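Remarks on the structure that follows.
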Amino acid sequence: MASNMALLASVLVVMLMHLQSLEAQQPPLVKGLSWKYYESSCPKLESIIRKQLEKVIKKDVGLAAALLRMHFHDCFVQGCDGSVLLDGSASGPVDSEKTAPPNLSLRGFDVIEDLRRRVHKECGAGSVSCADITAIVARDSIVLTGGPTYSVPLGRRDGLSFATRDATLANLPSPFVPTDNLLRTLAAKNFDATDAVALSGAHTIGIAHCSSFTRRLYPTQDTTLDKTFATTLKGVCPAPDTNASTFMDLRSPNVFDNKYFVDLMNKQGVLTSDQDLYTDKRTRNIVTSFAVNQTLFFEKFVNVMIKMGQMEVLTGTQGEVRNKCSVTNSNDLLISSVVEGDNMDSVESF
């Protein structure tokens, strides 16, 4: 009995040390963000999102990757401010973040807006920002496909403007670039090599369109691509301009796990930016460590997601909390007044 108690005590000590170690490794919180930001003002926030998202992803599991990607694209361009959700100006040229080439394949905007309506119905208009909802949705998309759970620091405010097409292109890493370019781009945003590989691990779920990888097949085949796998990809994309897509993780495409890294070790990465992580000596060992240790990958992925989710955030009185995710509050009021004015004119002329 005494030996059992001693063993239990030892296990508890090890667990406590592990938890303390994880806490110590977590990135510090940006001023204005909190782990319990909505504890009093909207206590059901996360349960509302999780409950509805379970239904959404059960119906279309592909949305998990799409919603995770949306958070990534939002944060990397002028920070995690929900700017990627904003529609372009109806009165001017559509040079918006949302319509920039890398974002044309984004989907799930309707999911974010539906969740915003549900949350604001429960907690009141202006209660929770679209940027925070997007961050929580990204985390839940990971969890609901088998990935790690983690607490999301909250308190982001929504931006008042979207980025230009050029700014979007300049800040989002391209699928065509080698690791050298990727590391340089991410280093400018304070991410190291481990962060870069961990973030790329998000490709364990989701799809890639032919246009993002056919240059590895035509006119000559990329030598870092497994020949059998290349034949499979050519079957999906028989020509460079084929409008089709394929899963980015060959082994478990709809499960958030470490199999993506196993793919890379077997020369079965779909994108240049993926496969080159195993070719480049600076990242090869990191890929291998994640391929053989899913727990390690999950730990590093959680850390970098928390870090990424705090990029250039607006807090306090900065920005606003939008009443509709696709328009700023001032534009929403303008649109409403125009519609109401048109209706009044119709009534009078009738």
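Glycine is treated like the rest: Cβ placed from N, Cα and C.
Keep in mind that what you see is a predicted model, and the values were worked out from it rather than measured.
TrEMBL lists 1-24 with the feature signal peptide.
Taken from TrEMBL, the feature disulfide bond applies to CYS42-CYS123 (among others). Around CYS42 (disulfide bond), the C-beta neighbours below 8 angstroms that are at least 6 residues distant in the chain are VAL119, GLU122, CYS123, SER127, VAL128.
There are 22 other Cβ atoms within 10 Å of the Cβ belonging to ARG69 (site 'Transition state stabilizer'). Per TrEMBL, site 'Transition state stabilizer' is recorded for ARG69.
Among the features that TrEMBL reports, Ca(2+) 1 binding site is placed at ASP74, VAL77, GLY79, ASP81, SER83, GLU97. Counting every protein chain shown, 30 other Cβ atoms lie within 10 Å of the Cβ of ASP74 (Ca(2+) 1 binding site).
Neighbour density for CYS80 (disulfide bond): within 10 A of its CB lie 28 other CB atoms from the protein chains shown. Sequence annotations record features per position, and here TrEMBL assigns disulfide bond to CYS75-CYS80 (among others).
Counting only same-chain residues six or more apart in sequence, the Cβ atoms lying under 8 angstroms from the Cβ of CYS325 (disulfide bond) belong to GLY82, LEU85, LEU86, PHE109, ILE112, GLU113, ARG116, CYS130, ILE133, ASP158. What TrEMBL records for CYS130-CYS325 (among others) is disulfide bond.
The annotation substrate binding site is assigned in TrEMBL to PRO173. In sequence order, PHE76, ASN181, LEU182, THR185, LEU186, SER273 are the residues near PRO173 (substrate binding site), counting only same-chain partners six or more apart with C-beta under 8 A.
According to TrEMBL, the feature heme b binding site maps to HIS203. With a 10 A radius on its CB, HIS203 (heme b binding site) counts 25 other CB atoms from all the protein chains.
Among the features that TrEMBL reports, Ca(2+) 2 binding site is placed at THR204, ASP249, ASP257. Note: ASP249 (Ca(2+) 2 binding site) has non-local neighbours HIS203, THR204, ILE205, LYS259, TYR260, ASP263, i.e. same-chain residues 6+ apart with C-beta under 8 A of its own C-beta.
Long-range C-beta contacts of CYS237 (disulfide bond), restricted to its own chain and to partners at least six residues apart, with a cutoff below 8 Å, comprise CYS210, PHE213, THR214, LEU217, ALA244, THR246. Residues annotated as disulfide bond in TrEMBL: CYS210-CYS237 (among others).
For the pair formed by CYS80 (disulfide bond) and ASP257 (Ca(2+) 2 binding site), distance between Cα atoms is given as 25 Å, rounded to the nearest Å.
Proximity to SER83 (Ca(2+) 1 binding site), defined by a C-alpha to C-alpha distance within 10 angstroms, is shown by the following recorded positions from ARG69, CYS75, ASP257: CYS75.
For CYS75 (disulfide bond), the same-chain residues lying six or more positions away in sequence with a CB closer than 8 A to its CB are MET308, GLY309, MET311, GLU312. The separation of ASP81 (Ca(2+) 1 binding site) from ASP257 (Ca(2+) 2 binding site), Cα to Cα, is 28 Å.
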